[in-house]
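This report refers to the structure that appears directly beneath it.
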Amino acid sequence: MLYINKISLVQFKNYSQATFSFRHRIVGITGRNGAGKTNLLDAIYYLCFTRSYFTNSESQNTQYQTNGFRLEGYLEKNNQPEKIICTLKDGRKEISLNDDKYDRFSRHIGQFPAVMIAPDDADIILGGSEERRKWLDSLLSQLYPEYLDHLIIYQKILLQRNTLLKNMATTGQNQDSLLDVFDLQLVMHGVPVYETRKAFLQTFIPQVQQLYDYIAGTHEIVNIQYQCTLQEEDYATQLHQARYRDMQVQRTTTGIHRDDLLFLLNDHLMKSSASQGQRKSFLFALKLAQFEVIRQHKNFPPLLLLDDVFEKLDQERVSRLITLVAGENYGQVFITDTHAERLQQAFAGASADIQLIAV
Ligand SMILES: Nc1ncnc2c1ncn2[C@@H]1O[C@H](COP(=O)(O)OP(=O)(O)OP(=O)(O)O)[C@@H](O)[C@H]1O
């Protein structure tokens, strides 16, 4: 089991200094609009992922007019106490687990799994392919550390290859042998990423379908189609064939950095044809299926961070969601709402006790 017992925030977003202790499996976080409910969820997310769920810019995580923040989390994993400290000071970030500083933050990913469901998640369906890759990468990185290693190296090489292509255009110099080296490395690290994504999606889709039927309360066929240039041809050949074009456009035009996922409902593209309600049900199904695969893989449930679900779902779907998360397959669940009474009432019939925290 994974629990967070206590968190302290110093100069994190709107919190100057605050400590929260969690005693129950279900924790309701209440407060008016703008009080800091989402920020508290994000602080928990930060401890698990070494980054914010909402922004890549650390300055946005730091309280206005200050130059750093500190988060301390006291957790329990399989009955062992665990302490995570994340600090940012003058742009320098440090993360430690049980007072041991990490050399590479990627080593932390997957040790304290968590799933966030937040209003901005609609971008996974409506946004560009980058949003969908980001979602899939975050999921797979929690399951397979080697996936994250391949991805990090691939992105580094990609950047170097693109810089070289630009330099070649400016200088007019032929750099074929250096391109050969980069291509070899892209193949070495891109192919495992492709294979992991492909294999994962095959087993994942039935789980999304099952949860969609449950949340939506009706059966419609959901599908996720994986689009990757590597499906068409051997990657090394592809890179070689695309080299002239890459030189013209000064960037790498084939590879897993161009992948996309097509979300389909009854064979139609969800982005353009699904209703808002259908999209919401799908997003919940996607995230809860993510929760389920992580739970099965780790043998304990991840933390579940639910932001503003009452605003997002109708009464019927909220009550199905609550029945699910109060059940025995779920671990610690954090849920935000502006109305304490609504939260209390929603969990009144459920088997788990709820602790309400006002921010
Ligand atoms: N870096 C920062 N420094 C100080 N305050 C910040 C910072 N970033 C955000 N805030 C403040 O945090 C507040 C938003 O907090 P948050 O999103 O957690 O609210 P919330 O309780 O979830 O609200 P809602 O119910 O509207 O979703 C805003 O008042 C915003 O000004």
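The first residue you see is number 1, and the count goes up from there.
Using N, Cα and C of the backbone, Cβ positions are placed for all residues, glycine too.
Per TrEMBL, the features are:
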- Gly31, Arg32, Asn33, Gly34, Ala35, Gly36, Lys37, Thr38: ATP binding site (BINDING)
- 3-346: domain 'RecF/RecN/SMC N-terminal' (DOMAIN)
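Overlay of TrEMBL feature records on the structure.
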residue : record           : Cβ contacts under 8 Å, 6 or more apart
Gly31   : ATP binding site : Lys37, Thr338, Ala358, Val359
Arg32   : ATP binding site : Thr338
Asn33   : ATP binding site : Thr338
Gly34   : ATP binding site : Asn14
Ala35   : ATP binding site : Val359
Gly36   : ATP binding site : Lys13, Asn14, Tyr15, Val359
Thr38   : ATP binding site : Phe54, Ala118, Asp307, Asp308, Thr336
List, in residue order, those binding-site residues out of Arg32, Ala35, Gly36 with a Cβ under 6 Å from any atom belonging to ligand 1. Ala35, Gly36
What other residues of this chain sit with their CB within 8 A of the center of the CB atoms of Gly31, Arg32, Asn33, Gly34, Ala35, Gly36, Lys37, Thr38, the recorded ATP site? Asn39, Thr336, Thr338, Val359
What is the total of other Cβ atoms whose distance to the Cβ of Lys37 (ATP binding site) is within 10 Å? 24
Give the mean pLDDT for the domain 'RecF/RecN/SMC N-terminal' (3-346) on the 0 to 100 scale. 96
